[in-house]
């Protein structure tokens with residue numbers, strides 16, 4: 001700081017004459033300027049692309065507006081969008097499907113991940129390579145994954161159904177194009193993609209567990225099941241909570257895979273809340289309604305995750 | 001007594017080896033579930049479309065049909081444009097994200113200025129907002145700015161991330177104060193303190209953020225889906241979907257060649273730096 005070196009004699013002079021405030025205030029404001037200079041690029045972007053859109057999303061939820069009416073056609077409608085949402089049977093059906101989708105998908109992913117992690121935590125051959133294999137779907141584009149599953153699950157010629165027919169199942173499911181199996185197929189693909197990620201998170205938590213706990217449990221004569229329920233599971237509670245929250249958010253808010261694979265169909269069999277919102281906003285251009293649905297869905301997820309948070313309190317090993 | 005002991009030890013050793021063998025076999029059997037779709041993708045990408053679904057599955061294509069890759073790269077439905085767009089968006093986005101996040105993270109952690117903590121609280125409050133909720137207003141905003149259906153609509157939101165700022169703030173906050181003070185006494189200015197003293201210290205976290213930002217931008221499908229309409233602006237994920245209407249085996253081989261081409265950069269980087277990748281992405285909790 002060249003400025004402070006040139007000012008120093010003056011400041012000393014001021015200090016020696018009994019005035020103290022001048023120097024500190026001045027250097028504070030100089031430091032303040034530096035702070036603002038450093039933060040400004042990010043802050044401008046944050047205001048423009050996060051905070052402003054967030055406030056706008058809240059405001060839009062109270063308006064009626066579509067792309068045809070233009071910006072002058074935005075009208076304030078109060079709670080009308082929220083009232084419409086409450087009475088919208090299609091939305092509530094989508095809520096049910098989302099609860100089913102996440103309600104099966106999230107626990108299945110987490111339990112599968114924990115099982116894999118416990119397996120990988122043992123002394124097994126080729127552990128590093130296995131970790132790469134299980135984790136790979138997580139780093140790969142969801143569209144590439146969707147594309148391969150679209151072909152694998154093709155009802156007529158796909159290898160999955162060819163295999164099922166070979167073992168004597170004459171009428172295998174039509175998977176993604178079936179009313180009954182559409183949603184389970186999507187859950188299957190989502191679980192398949194995320195299980196390795198969950199396994200890796202659980203694995204790193206398992207590796208951080210203190211060995212002496214297990215030794216103590218072994219001395220007490222606890223069998224493998226007791227060791228799991230009394231030591232492993234409580235000690236993993238923070239990890240479980242973290243995964244429950246992030247998985248719930250990602251599985252309930254994402255609409256990419258559904259848009260690509262089923263477009264919410266057949267019929268509305270795979271229309272979840274997030275796809276419903278995408279449809280209202282970007283296919284029907286009902287921006288006001290889409291924003292209201294998005295807010296309702298977000299508040300719902302928030303309530304759900306705060307429930308997880310409360311549930312785990314007092315059940316962990318270290319709380 | 002000694003024979004008993006050795007018998008017991010042998011038994012235990014056998015159990016341990018047996019356990020290892022069993023666990024290894026189980027793990028590798030499960031691994032097949034994750035590898036097979038990728039192997040099928042790779043194998044099908046080298047087959048003629050009519051051979052993709054032929055039974056029994058022949059994992060080694062015969063004859064090897066390279067033409068799918070030729071079509072995907074230099075043919076009518078070339079992916080070159082999608083690739084170029086993805087590279088532009090990802091490289092600009094990652095570089096921008098690292099720059100603004102490092103500067104802001106440094107300011108939040110190590111510089112004192114009025115309103116700092118309040119602004120940081122504001123950042124934190126928006127951290128859990130899912131990007132999907134912001135799509136409608138961002139769409140409007142970019143339309144107003146004339147940036148709708150341009151790559152800017154994908155790049156800009158990725159350059160200023162709350163997540164990156166938070167990650168680097170934590171890293172800068174963990175660095176010792178004394179280093180900066182010593183540098184200031186030696187006459188370094190504020191930029192030099194940031195650039196020469198503290199930035200090198202947080203290099204591991206910068207690498208982690210670069211990986212997270214690279215993977216999520218390269219694979220992002222929802223943002224381009226909403227923001228782009230002109231095929232020449234498509235990034236790879238959106239470009240890939242143009243191969244999807246080819247169900248029923250008409251151009252399944254082509255679609256798989258496109259999928260393989262799309263995932264090669266990320267998969268290669270992942271295999272090379274797998275330890276860093278796993279650590280970074282496991283830390284992030286996002287995709």
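Including glycine, each Cβ sits where the backbone N, Cα and C put it.
In TrEMBL, the feature transmembrane segment is placed on A:132-152, out of the ranges A:6-26, A:69-89, A:132-152. Given the ranges A:264-286, A:287-309, the record in TrEMBL names A:287-309 as transmembrane segment.
Cβ atoms under 8 Å from those of the transmembrane segment (A:132-152) belong to residues 116, 120, 158-160, 176, 185, 189, 192-197, 199-200, 256-257, 260-261 of the same chain, restricted to positions at least 6 beyond its ends.
Counting residues 6+ beyond its ends, the transmembrane segment (A:99-120) has Cβ neighbours under 8 Å at 127, 130-131, 134, 183-184, 186-187, 190-191, 194-203, 205-206, 232, 236, 240, 243-244, 247-248, 251-252, 272 in the same chain.
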